[in-house]
Amino acid sequence: MDRMIIALVLSFGISYFSTPLAIKLAHKLGAIDIPKDDRRVHKKPIPRLGGIAIFLGFFIASIFLVKINVKMIGIFLGAFLIVGMGIIDDIKEIKPKIKLVGQIIAAVVVIICGVKIEFITNPFIKGISYLGILSVPITIFWIVGITNTVNLIDGLDGLAAGVSAISAMTLAFVAYINGGENSFYICIMLLALAGGALGFLPYNFNPAKIFMGDTGSLFLGYALSVISIEGVIKSAAALAITIPILALGLPIFDTTFAIIRRKLNGKPIMQADKGHLHHRLLNRGLTQRQTVLILYSISLFLGISAALISGSSLFKAVFILALDVVFIYYGIIRLRLLFSDDTEVE
């Protein structure tokens, strides 16, 4: 437990004190976010590259406190690839297809090193179902998918950092109570990730002095997706597959609604719009800070649900999941998340 606390505090400190250096580096390299369209909430140029500070906090804390094995090496190698690609993208934009290829390569690296979704718990037969040849494509889909969902919610000051910290701490708690292979080191890495995000947050909360950029959002998504495979998805908890989905619920559901919304309205899936959850709340007259705090609360609610499911019987887990479905359905209807135009929000 002491090492877990050290991981959180050490990562926080490294991230906090290195963020001002990231601001200077961003100005020197020209990694500045200049608002070019009305989807962007900020009105003045803001330096990017804050993700470097988050990564440094995570990496340094982990490398000193985690027992290094092949799986850990794979996770770190993939992280370096994602962060390197993010830095280049924050300085001079990379085409989406190239970023996708880079994410797939990072996923393949961790798979080669043994990190993959090999089975899922089947609560109805009280056993596990092995995925066989589907293991590799499902793992790639999970890693690439989560990496991009976190990237997509990075639209308000402090949103992605705070939500990622909540998700990381939720997954750390679940991994700790479930135990299992490498669970202690998984907890350390997740708390190091949370510490890195929290150390960056004072500079990123509204009004932001720096953005994490793709360097940060892609790294956070990648790290959460990969570490959750080892720490949670492979657990024997009833409905184990729902635990990381709920813990990462806010970015997952927001992205899912965006895809469905664009399909229903005949728009390209990759076409950006102002229909995301944070846009809907802003259009109701809320400030950035109010919107972010509400989204933190939603993420925390889903995280608590994930934690409760991890220690529950099948009956209790299904009941908790049913409550979550009702909550999510209410949100869809109340905020009209499947409508294409933000002006349709009441």
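Positions of Cβ are set from backbone N, Cα and C atoms, glycine also.
Per TrEMBL, the features are:
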- N151, D214: Mg(2+) binding site (BINDING)
- 6-26: transmembrane segment (TRANSMEM)
- 46-66: transmembrane segment (TRANSMEM)
- 72-88: transmembrane segment (TRANSMEM)
- 100-121: transmembrane segment (TRANSMEM)
- 127-146: transmembrane segment (TRANSMEM)
- 158-177: transmembrane segment (TRANSMEM)
- 183-203: transmembrane segment (TRANSMEM)
- 235-260: transmembrane segment (TRANSMEM)
- 291-309: transmembrane segment (TRANSMEM)
- 315-333: transmembrane segment (TRANSMEM)
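The largest share of C-beta pairs under 8 angstroms with the transmembrane segment (6-26) comes from 183-203, of the ranges 72-88, 183-203, 291-309, 315-333.
Spatially, the transmembrane segment (291-309) is adjacent to the transmembrane segment (158-177); three or more Cβ-Cβ distances between them are under 8 Å for residues at least 6 apart in sequence. When Cβ atoms from all protein chains are considered, those within 10 Å of D214 (Mg(2+) binding site) total 24, not counting its own. If one looks beyond the transmembrane segment (127-146) by at least 6 residues along the same chain, the residues whose Cβ comes under 8 Å of a Cβ in the stretch are 100, 103-104, 106-108, 110-111, 115-121, 221-222, 224-226, 228-229, 236, 248, 251-252. Between the transmembrane segment (46-66) and the listed ranges 72-88, 100-121, 158-177, 235-260, the one holding the most Cβ pairs under 8 Å is 72-88. Scored on C-beta pairs under 8 angstroms, the neighbour of the transmembrane segment (158-177) with the top count among 72-88, 100-121, 235-260 is 235-260. Summarising the environment of N151 (Mg(2+) binding site), the number of other Cβ atoms within 10 Å of its Cβ, over all protein chains shown, is 25.
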